[in-house]
Amino acid sequence: MTDLVNRLAASKDKLAEQSALKPGSSKKDQILERENRTQDQEPGHVLATPTGVKIDHTDDSLKAGERGPTLMEDFHFRYTMTQFDHERIPERVVHARGSGAHGYFELFEPQAEFTNAKVLNDTSRKTPVFVRFSTVQGSRGSADTVRDVRGFAVKFYTDEGNWDLVGNNIPVFFIQDAIKFPDLVHSLKPEPHNEIPQGQTAHDNFWDFASLMPESTHMLMWILSDRTIPRSYRMMQGFGVNTYTLLNDKMERHFVKFHWKPVLGVHSLVWDEAQKLGGQDPDYHRRDLWEAIESGNYPQFDFGIQVVAEKDEHMFDFDLLDCTKLIPEEQVPVRWIGRMTLDRNPDNFFAETEQVAFCTQHVVPGIGFSNDPMLQGRNFSYLDTQLNRFNGPNFNEVPINKPICPFFNNLRDGFNRQQINKGKVNYWPNRYANPRPATEEDHPYINFPEKTEGMKTRVRAPKFKEHYKQATMFWNSLSNVEKDHLVAAARFELGRVDDVRIQTRQIENFLNVDHEFAKRVADGLGINVPSQAVVQNHGRHSSALSQLNTVFGSPATRKVAFIVADGYDSTQLLGLRGAIKAAGTMTFIIGPRRGKIKSSKQLENPEYDEMEGTSPETSDYGIYSDFSLFTAKSTLFDAIIIPGGAQSINTLMDMGETFQWINEAYKHHKTIGAVSEGVALLRETAIPSSLISADQSVISEKGVVTSGVYSASKESDSIVGTAIEAVKSVGKTGNFVKTFIEAVGQHRHWDRDVSRIPA
C-alpha cells in the first residue's frame, strides 16, 4: 500500500512540475500534461481489459458449449458491451455539430492601458488554444453547409487559468435577454410534431417567432446574408458578440468587443453550391479544416478589440449592453493586437472536440463582464449545460478542459473525479493555512467595484427598444451582389413558410428596414406592399460589413482541379501545375476514372507504358488522379483548369460529366482556365464564346482565363480541329499562369450573368 501511495505521489509531483509553465516556454512543454493522458497506437500492444488484464480471444463470448448460452462470468464481454452502451454523452442542445483544432495565440503589443490580463500583455508567450467551430441548429449528424450561424469558440490555456471566448461568426444575436433563449431555440429547432426540418430555419415555427420579435430583425439580415454559408471555417470572422469589460492596474474599467479576422479573407459559398454540398460532402467544412492543417496550410486569424472608456458608455444611439447591436468600426476602430494559428488536428475527436466544455464565465484576471442581460444569462446557462453533459461538476478535469497552470482548491469528489487530493484538510480556514487565499502579489481575480442600485423590475432600458437602424445600415453596406443574395435567401426561407400570416408579418418588419428590400422579397412571395416607403432609409453604412471588402487577392490554399484524360499534354500539365502550386494553391487531378491517367507521350511510346516518373507530379508518362469526374464535383473546388492534349480533350468532350463540371463552376462564379485544345472544349460549354480566346493571346474575362487557337472546321475523326495551336512550353504559359492565379485570388467573379446557366 505504501508503495502505491509513493508511486501516485511521484506521478502527481511530475504532473505538477510539467504544469508549472513559464512564460515563453515551448508549445511542446505546454502540452506535456495532456500527452501524459494520450495513448499511442504503436505496434506491439497487447489487447487488455480496462483493468489491465490481457485477453487472448476477443471474437467470441464465453459460452457453455459451442451452442450453449453466454455466461455472465464473461467479464471481457460485459466490459466491452457496457463501454459501448455508454459511449455517448448528451450532445449539445445547440452547436452540436462541430470541428476542432489546436493552436497558439501570439500577442503583437501589450494592452496594459486597458487590462492587466497577462495573456493580453505578455508578447513573449505563445498561449496554447483549442478552437471549436460549429453550426447551431442541426444535430451532430447534420450537414456542414446548411444556412446557419457558425459558432467560433476559443479556449486559451493561459498562465492565469483558462479563458473561454465563446462567440459566433456574426457580431449580433437574435434576442436581447437570455430569458428568451429557450423560446428562440425551440422555434429554430425541428418542429416538435415531426422533427422536420433538420439543420435549417426555413420553416413556420422559426419565422413565426422571429416575425413576432422585432429585436431579431438585425440578426435576420445577417443570417440571410452570405455569412451563414461560409466557404470554410478558415475564411470566416469570429465575434465575442456580447460586451465584456477590461480592468487595468489603476482599477479603470473599459468596455470591449472581441473580434477574429481570417488572414485569408472572408468568403462564402453560393446558395446552390451549399445545397449541393450538403449531399455531395456533408463533412465539407470539417474535411476542409482537417486537410488544411494536415497539409501545413495552417489557418490564421487576427485578434482585435474595440475598446470604449467607461465614461463614453452612453455616447452611442444604441445601448452597449444590447447584443442585437454592434459598434460600427467608423465610430470605434478595431485594434488588431494579436494572431491565432491553428497548427494541429485533434488526436481523438470525442476526447477533445466533443468533450471540450466552453463557458463564458471562464475568464482570467483583467477580463470581466458587462451587465448585458444576454451575457449574464449565458454565464449561468453554459455552466448548467456542462453539468448536464458531464453528469456533474468535474468536466474541468477532462484533459482537454484542464488548465495547464498549477491550481489548488478545496473542491472535492463527485462523478468522474480525476484529481487525487492528498492531505488531511479540505476546508478553509485550516491549521495549515494551505491553500491560502491569493494576495496582491499573486495577481488574483478582482471584481470591479461597480455601484449598483435600482428597483426590481422586468423592463428594458430605453435604447433597447429601437430595432431597425442597424439592420438598415447592414443593408446599405452590402454590394449589389450581396443584396441580391440576401433577397434570394429571404425568398427561399419565407417561401418555405406555409402560413401566409407569418410571411406578411415578416414583410411588415422588413418595411422598417428598407422599402426596396421588403418589396423585392414580397414580390417573390406574391405579397403586396405599400408603393411608398413606410420609414425613410437613413443612408448610413459601414464598409466593414461587406464581405467584398475583405478580398485580399491571395490564392493561398485555394483548391484547383486539373481535368484530364488519357492523352493529356504532360508538358502543359506539369508546367501549369507546378507554377500554380508555387503560388500556394492546392492542386488535384480529376480524370474519367481513379487510377493512372496516361499522357500523350506514353500513348505515343508503348515501350514507356510501365515507366513511372520519380514523382506522380513530375512524370511525363502518366499521373494518378485524385478523384474521378463521378466521385467529385466542381463544388468541392475553387477553380478548374483544362490543359491541352488532343486525345484527352476528345475523350472529355464525349463525357456529359465534363460539361456539368464546367457549367456548374461557371454558374458558381469560379475561375476557369484552359489552354491549347482545352479552349475548344470550353467553346462547347455554356460559357459565352465572347469570353474565350480566339488565338494564342491570354484572355481573362469575368474569371475565364484562356490561351489558344480555335478552328470551327473539324476533321471527321477528330472533334478538335487540326488548326489548334498547342502551347508547348512552360515559358509560353507564363502570362497565362500569372493571370490565372490573379483570377483565383479574387475568389468569385460576380460580374457574370449566370441566370440562364442550367443548374
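Backbone N, Cα and C define each Cβ position, glycine as well.
Remember, TrEMBL labels are computer predictions, not curated facts.
What TrEMBL says about this protein:
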- 8-67: region 'Disordered' (REGION)
- 26-43: compositional bias 'Basic and acidic residues' (COMPBIAS)
- 48-436: domain 'Catalase core' (DOMAIN)
- 54-66: compositional bias 'Basic and acidic residues' (COMPBIAS)
- His95: active site (ACT_SITE)
- Asn168: active site (ACT_SITE)
- Tyr382: heme binding site (BINDING)
The compositional bias 'Basic and acidic residues' (54-66), counted residue by residue under DSSP: helix, strand, coil: 0 helix, 2 strand, 11 coil
Rounded distance in angstrom between the Cα atoms of Asn168 (active site) and Tyr382 (heme binding site): 15
Integer Cα-Cα distance in angstrom, Tyr382 (heme binding site) to His95 (active site): 12
Lowest local Cβ density among His95, Asn168, Tyr382, which the record lists as recorded positions, within 10 Å: Tyr382
